[in-house]
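Read through the structure below, which is laid out as structure tokens, and then see the notes.
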Amino acid sequence: YFQYPYSLSHVLPIFGKGLYAPSVCGLLSATSCLTYMVLISKRLFRSRKTLQDYFTYNQYLVLLNNLLCAETIQGAAWSISFHWIRLDAVLAPSKTCLVQGILVNLGDVASSFFILSIAAHTLYASVSGHRVGVRPFIATVCGAWILAWFVSIIGPLYFGRTFITAVGGYCWINPNYTRERLALRFFWIFLTQFSSLCIYAAILISIRATMKEVKNASTLQPSGTHKKLDRVARFMAIYPLSYIILTLPISALRMWNLAHPQTPPPHKVLLASTTMLASCGWVDALLYTYSRR
């Protein structure tokens, strides 16, 4: 195994207890997201008979299901920390460490892609009143997964076993690979955060403009389709907002760490921010429970 700090023969006391928070939240996220994935999949396959119908009339649910899949992966990655708690060590290089490092990155990046896809799809639907074409929609979903897998496995494949090491109380990209950390994970998270804010603002402006036009046109009434799309748009915008709130602390912490590479982040702040990140899945599951009606 590597020498400290790239492999830990003993977990620091604060991580021994503090790791329970992100581990429990990760397990809760993985369980709740997987449960809803099964329920949504049953609903999708029962509602339509053909593949064309599946990707035409259920696009919101398909995107949401892919988001839940990404957050299941993310939650499973954090729940691997139970293994380190049991061992009282974070050992690298090891298969468990490699798997956790890849899954942490894959879950975060894939989640950001589908959060952004939901925001963009919501904007398109609320502005145009139409659905995205089947082929572009399928290409977007497949492209998101391909890119997420690529940025998650290219590092270990190219740099070898030194790429994924112990990082505090879990495994992720070696701190020496600063540019790779930014390019393979946080660039996509920052892009999603910024783009989602812009898209959400555009959605609100679009909805208010539409309602104003309808109100001013006394002889016209908004169509049922447009009313439904506006209502769905409001609900679907919740997912990008919750994502921004839950990922902003870890993103800000890592940017601070990039600016101060010689100063490790405070352990309590790191644990709190990773716990919020590990909570993305169960929070989205709760949001779906609330908005499904």
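For all residues, glycine too, the Cβ spot is worked out from N, Cα and C.
Remember, TrEMBL labels are computer predictions, not curated facts.
According to TrEMBL:
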{"type": "TRANSMEM", "residues": "20-39", "note": "transmembrane segment"}
{"type": "TRANSMEM", "residues": "60-82", "note": "transmembrane segment"}
{"type": "TRANSMEM", "residues": "102-125", "note": "transmembrane segment"}
{"type": "TRANSMEM", "residues": "137-159", "note": "transmembrane segment"}
{"type": "TRANSMEM", "residues": "186-211", "note": "transmembrane segment"}
{"type": "DOMAIN", "residues": "227-293", "note": "domain 'G protein-coupled receptor GPR1/2/3 C-terminal'"}
{"type": "TRANSMEM", "residues": "232-250", "note": "transmembrane segment"}
{"type": "TRANSMEM", "residues": "270-290", "note": "transmembrane segment"}
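Mean pLDDT across the domain 'G protein-coupled receptor GPR1/2/3 C-terminal' (227-293) comes to 82 in this model. If you look at the transmembrane segment (102-125), the same-chain residues 6 or more away from its ends with a CB under 8 A from one of its CBs are 59-60, 63-64, 66-67, 69-78, 80, 131-132, 140-141, 144-145, 147-149, 151-153, 156, 164, 170-173, 184-185, 188-189, 191-192, 195-196, 199-200, 202-203, 206, 229, 232-233, 236-237, 239-240, 243, 247, 277, 280. Beyond its flanks by at least six residues, the transmembrane segment (60-82) meets 19, 22-23, 25-31, 33-34, 36-37, 40-41, 43-44, 54, 96, 99-100, 103-104, 106-108, 110-111, 113-115, 117-118, 121, 137, 141, 144-145, 148, 169-171, 232, 236, 239, 274, 277-278, 280-282, 284-285, 288 of its own chain at Cβ-Cβ distances under 8 Å.
Sorting each residue of the domain 'G protein-coupled receptor GPR1/2/3 C-terminal' (227-293) by its DSSP state yields 56 helix, 0 strand, 11 coil.
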